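Among the features that TrEMBL reports, domain 'Protein kinase' is placed at 1-41.
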Amino acid sequence: MIERLETLHTHYLIHRDIKPDNFMINISDRTNKIYLIDFGF
C-alpha cells in the first residue's frame, strides 16, 4: 500500500482520503495487486 502512495507522490499527486475502504485488493493465482481508488474526480 505504501508503494502505491509513493508512486502517486513521485508524480506530484495526492490522495486526500487514505483509508482501508479506498484500497482494492485483487488476489489471483498468478499475481496479487493493490489498487488505490476514489480520487474524488
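Glycine too: its Cβ is placed from the backbone N, Cα and C atoms.
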Composition by DSSP (helix, strand, coil) of residues within the domain 'Protein kinase' (1-41): 12 helix, 10 strand, 19 coil
Reported mean pLDDT - the domain 'Protein kinase' (1-41): 88
